[in-house]
Amino acid sequence: MALICIGSVCFSLFHIGVIILLIINYFSSHIKKIFPSFFKNPNKEEIDKHIGNILEAKRKNKQLEQSIYIELKNTGSLNQVFSSTQNSSIVIKFGAVWCKPCNKIKEYFKNQLNYYYVTLVDIDVDIHPKLNDQHNIKALPTFEFYFNLNNEWVLVHTVEGANQNDIEKAFQKYCLEKAK
C-alpha cells in the first residue's frame, strides 16, 4: 500500500484520492462558472436551436398557449403540474419566505405572465424539502426552465440568484412571447 507521510501522520493514496474527489465535488459549481467552455454540453446548442424553431413555428401559426401561475402548496405535486400543463414551457422558482431576494423577485416573476405564454411554478423549499433535494438547489432563488421536447420535459436552463437580466434572457429564449 502506497503511503504519503507528512511528519508523523501517514495517508494512503486511496484516502488522498477520496479527499481530492470530495474537494472537486464541493467546488464543481464554482469551477463550471470559471471555466464554462470546458463543461459545455455539446448538444446544448442543438437543443436551443430546436427550441427556437419550435417557438418560431408556434408564433407563425398563432398557436397561442395559456399563462398560469401556480404556488405549490403542501399537498401540491410537481409531477401533476408537468402532466397537466398545455404550455411548452414551465419555469420553476425555488425560494423561501425568509429569503429577501426571493421576495423581491416574486412580483417580477409573476408579471412574466403578462409577457409570455408559460406555466410559472413557485416552490417554497421549506415546505417542499424533498423537491429541494431532488433538484439539488444550492442557492435561493433558483429558476429552472423546462421545455417540452417530443412529449418529454427537458431542463434546458438554470439561473441561480435574482439577476433580472439573466432571468429575462432565459424567458426570451425558452418561452413563447405574447404579441406586443
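In case you wondered, yes, glycine gets a Cβ from its N, Cα and C as well.
Features as listed in Swiss-Prot:
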type     : residues : note
TRANSMEM : 4-24     : transmembrane segment
TOPO_DOM : 25-180   : topological domain 'Lumenal'
DOMAIN   : 29-176   : domain 'Thioredoxin'
ACT_SITE : C99      : active site, nucleophile
DISULFID : C99-C102 : disulfide bond
ACT_SITE : C102     : active site, nucleophile
Average model confidence [pLDDT] within the topological domain 'Lumenal' (25-180): 89
C-beta crowding around C99 (active site, nucleophile), within 10 angstroms: 19
Intrachain C-beta neighbours of C102 (disulfide bond), sequence separation six or more, cut-off 8 angstroms: K93, G95, A96, L140, P141, A162
